[in-house]
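Asker: Below: one structure in structure tokens.
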Amino acid sequence: MTTLAAETTSQERLITMILFTALIAVTIGITVWAGRRTRSATDFHSGGRGFTGLQNGFAIGGDYMSAASFLGIAGTIALFGYDGFLYSIGFLVAWLVALLLVAELLRNSGRFTMADVVSYRMRQRPVRTAASVSTLTVSIFYLLAQMVGAGALVALLLGIEDGDTYLGMSADTAKIVGIVVVGILMVVYVSFGGMTGTTWVQIVKAVLLMGGALLVTLLVLSIYDFDFGALMNDASSASGVGDAFLEPGQRYGVEVAGDAWQTMINKLDLISLGLALVLGTAGLPHILIRFYTVPDSKTARKSVNWAIGLIGTFYLLTLVLGFGAAALVGREAIVGQNAAGNTAAPQLAEAVGDHFGGDFWGAVLLAFIAAVAFATILSTVAGLTIASSSSLAHDFYNNVLRRGKASERDEVRVARFAAIGVGVISIVLAVFAQNLNVAFLVALAFAIAASANLPTVLLSLFWRRFNTTGAVAGIYGGLISSVGLVFFSPVVSGKGVDAKGNNLSLFPESVDFHWFPLENPGLVSIPVGLLCAILGTLLSREEDPDRFARLQVRALTGAGAERATTH
Amino acid sequence: MTTSPTSEGSEPPLAVTEARAVAMHDDPRFRELRARLVRFVLPASVVFLAWYLLYVLLSAYADGLMSTKVVGNANVALFFGLLQFVTTFGIAILYSRYANRSLDPLADELRAELEGSGEEPAARRGEDA
């Protein structure tokens, strides 16, 4: 009943395929409609800035709650209990940084990209180049993690196991097909639909995700007569570790008996991860550009409030989903399907569907949650693609190469092609990386955002003395230190193999050049990025108090802020 | 500077002349606006970051405390985690109320004045609202 692949019937696959096709058809329809409304650069990069707070709040939720947070957090809770919840809290608290310090000020002072704000009172070309490099690095790493996950997920959701075929595809071909289809769709959404198309895809996804999670949560709770304590009881006794399942320490900050050094490293790693999550969110380029899609800073504030409500509610639901999967599906069945627990949520959907309506409804609910997961992947990769293409076209092409003299038509055309380029590159990288362990890239993207982007955005808004050298040093310092430290960390080489012999690092187990003990660089790279920004500033005598005055007046009052276009 | 983000676009935003913006930066009302923003945002950020860090540190180092059961199976760790949700929602609500009351009217007044679209007397009246 609860293994997806082995007993997947052709009926289940048929329903899954129908829902996938319907989802693709709806999103393509949205894209065509949005494409007709996308003419100016403001339309392409910012969707005309006409979205309401509610719409943008859902779109932010759709952008932010990636497959890693939906399937990953539910799976982590199902396998490791409390620590999955601990992980999700960092993703939520982070939104206060966005609300209090970033969203409104960015909306008032910028135009299309993060670099608009950072470069406002600096020399344009070096700062925009740095910001563009950082945007692309963060987005491509995040994209790669999503797409490799997408390939495996499509194979799993269609229930194709090794040695098995469906529609003539083996599991390996299905993975590649999954990556290519996701890659093509994201390019289509972005290059034809621009930000308007991307936003509506994200809104649709957020509604589906909340609806699906709420439905399964209610079904799980009704099995337990809405007694959450009974559910926790069942989950902890099914977990095999008893009460420890409900306490921190199964996944993060793990205590290794007899190894005080490794225990200390594990605990520092947890703190490092927590810092990167909380400070990284408000520096993620694909999140930052969402604040430009609304008419003014008040609407930006409202949209963050909606997003906080949605994301918070969703993580509370995942607690039920995770415990439900632990109790009703069971650890063995989950790990049997996917070692990281990524299929725990779809498996749970099938289990509760079976419980209430028999096999047919089990299959329907499974297919529905699989389609939700697919929508989740599509909307996040679309957000990452438009962030990359906007930065390439607006920052790099227009402001660096053409010194700000390119026409809007040119900039939009370049942005459309940039989306295709980003799509092709990430498809190729993802196909090559499909069997590598790339899960660490998500945490790395947050660490770069926290080390390189957030400090420079905040300093440019609040530190009068901050200048070009400081901004460039801050961005590259944060970027290089986080990527460099991860390169020499156990996630890239030397972590060894797990109990089943699976390699835990990116490089083969025979290679080991790691010397940095932590898996998450934030604890070191965030201070390094900030320090580089401060030292770089003090080493240069450049200072422009008038531009600073203009930026701050604009950021705080909204005077001269970009307006919405009217259609 | 020709690359100024305000300088192009089919529907350019109302022009804010450099001199007026620079003068506004020293205006006591602008300083008051900035002080009001900082007065809320700075302490709130310190509080929620410290509160979150405390939670992470306790999760890492305070096994005994976190695993203490409060009601039935629900331990301190669960309540501490749920409290993070409560404080996040709470700070968001408090900030929005504060911004609506203390930041927006003043920001709107200064904005109208800078863009020259609001009538001077109307803007003045907004000051005490």
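Each residue, glycine too, has its Cβ placed from N, Cα and C.
Below are the features listed in TrEMBL for this protein:
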TRANSMEM  A:56-79  transmembrane segment
TRANSMEM  A:85-106  transmembrane segment
TRANSMEM  A:127-156  transmembrane segment
TRANSMEM  A:176-194  transmembrane segment
TRANSMEM  A:206-224  transmembrane segment
TRANSMEM  A:270-292  transmembrane segment
TRANSMEM  A:304-329  transmembrane segment
TRANSMEM  A:360-393  transmembrane segment
TRANSMEM  A:414-433  transmembrane segment
TRANSMEM  A:439-463  transmembrane segment
TRANSMEM  A:470-492  transmembrane segment
TRANSMEM  A:522-540  transmembrane segment
Asker: Please check if the transmembrane segment (A:85-106) comes into contact with the transmembrane segment (A:56-79), where contact means 3 or more CB pairs closer than 8 Å and the residues in each pair are separated by 6 or more positions.
Answerer: yes
Asker: Below 8 angstroms Cβ to Cβ, which residues of this chain, lying six or more residues outside the transmembrane segment (A:206-224), approach it?
Answerer: 58-59, 61-62, 65, 70, 230-231, 234, 310, 313-314, 317-318, 320-321, 324, 328, 345, 348-349, 352-353, 355-356, 365, 368-369, 371-372, 375-376, 379
Asker: Output the single range from A:127-156, A:304-329, A:414-433, A:439-463, A:522-540 maximising the number of Cβ pairs under 8 Å to the transmembrane segment (A:270-292).
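Answerer: Per the Cβ count, the answer is A:439-463.
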Asker: Report yes or no: does the transmembrane segment (A:470-492) come within contact of the transmembrane segment (A:127-156), defined as 3 or more CB pairs under 8 Å with a sequence separation of 6 or more?
Answerer: yes
Asker: When you look at the transmembrane segment (A:127-156) alongside the transmembrane segment (A:414-433), do they share 3+ Cβ pairs under 8 Å, ignoring any pair fewer than 6 residues apart in sequence?
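Answerer: Contact confirmed: at least 3 Cβ pairs fall under 8 Å.
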Asker: Considering only Cβ pairs within less than 8 angstroms, which of the stretches A:56-79, A:304-329, A:360-393 has the most against the transmembrane segment (A:127-156)?
Answerer: A:360-393
Asker: Taking a Cβ cut-off under 8 Å, which residues six or more beyond the ends of the transmembrane segment (A:56-79) line up next to it in the same chain?
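Answerer: Answer is 85, 87-88, 91, 142, 145-146, 149-150, 153, 199-207, 209-210, 213, 251, 281, 286-287, 290, 293-294, 299-300, 302-307, 309-311, 314-315, 318-319, 321-323, 325-326, 329, 331, 334-335, 338, 340-346, 348, 372-373, 376-377, 379-380, 383, 442.
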